[in-house]
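Undergrad: I grabbed these lines from TrEMBL:
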BINDING   46, 48, 99, 102  Zn(2+) binding site
Ligand SMILES: [Zn+2]
């Protein structure tokens, strides 16, 4: 199995091939001249390499879709991004997508805490305990509901934006998105 260093080297060399056939992507100024609107939609999903929204939503730069990813696709770690993007761009919709077989269903927050404590001096353990969650979940649909509820309860998020959040579960086997009823 390749080490992470050699994989990074390989990825950088892959980029050379991609760049050789690259078509220039327009700047914001050029997009304005072309009549392409600024992005108004955020897709929030998991970091999992099997969960690629550019693939399962067939995204292109001209779609104006902003993608943010973290473990599971949770609202809490994405909140600063959502607030800043909304301030810049007046976001209209947020799409939250969690996925089947998510790694977040395979670990617990306690396992992460214990692993960290083994690697850190005991003086740091209280700080580790104070981190409320590392994103572990038990139920995919409930997790989507909880994240939407968190968005709606976030005091700095505009109500119209929180109300425009929709949740889905992406099935790795079928490729389909299923809406999550609130
Ligand atoms: Zn995941």
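Cβ from N, Cα, C; glycine included.
Note: TrEMBL annotation is automatic and uncurated.
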Undergrad: Would you mind checking how many other C-beta atoms are within 10 angstroms of the C-beta on residue 46 (Zn(2+) binding site)?
TA: 23
Undergrad: For the recorded Zn(2+) site formed by 46, 48, 99, 102, which further same-chain residues have Cβ atoms within 8 Å of the site's Cβ center?
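TA: Along the chain, the qualifying residues are 45, 47, 50, 51, 72, 73, 98, 100, 101, 103, 104, 170.
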Undergrad: Given the binding-site residues 48, 102, and counting only Cβ atoms in the protein chains shown, which has the most within 10 Å of its Cβ?
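TA: It comes out as 102.
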Undergrad: Taking the Cβ of residue 99 (Zn(2+) binding site) as the centre, count every other Cβ atom within 10 Å, in any protein chain shown.
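TA: Other Cβ atoms within 10 Å of residue 99 (Zn(2+) binding site): 23.
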Undergrad: Any idea what DSSP makes of residue 46 (Zn(2+) binding site), helix, strand or coil?
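TA: Looking at the DSSP assignment, residue 46 (Zn(2+) binding site) belongs to a strand.
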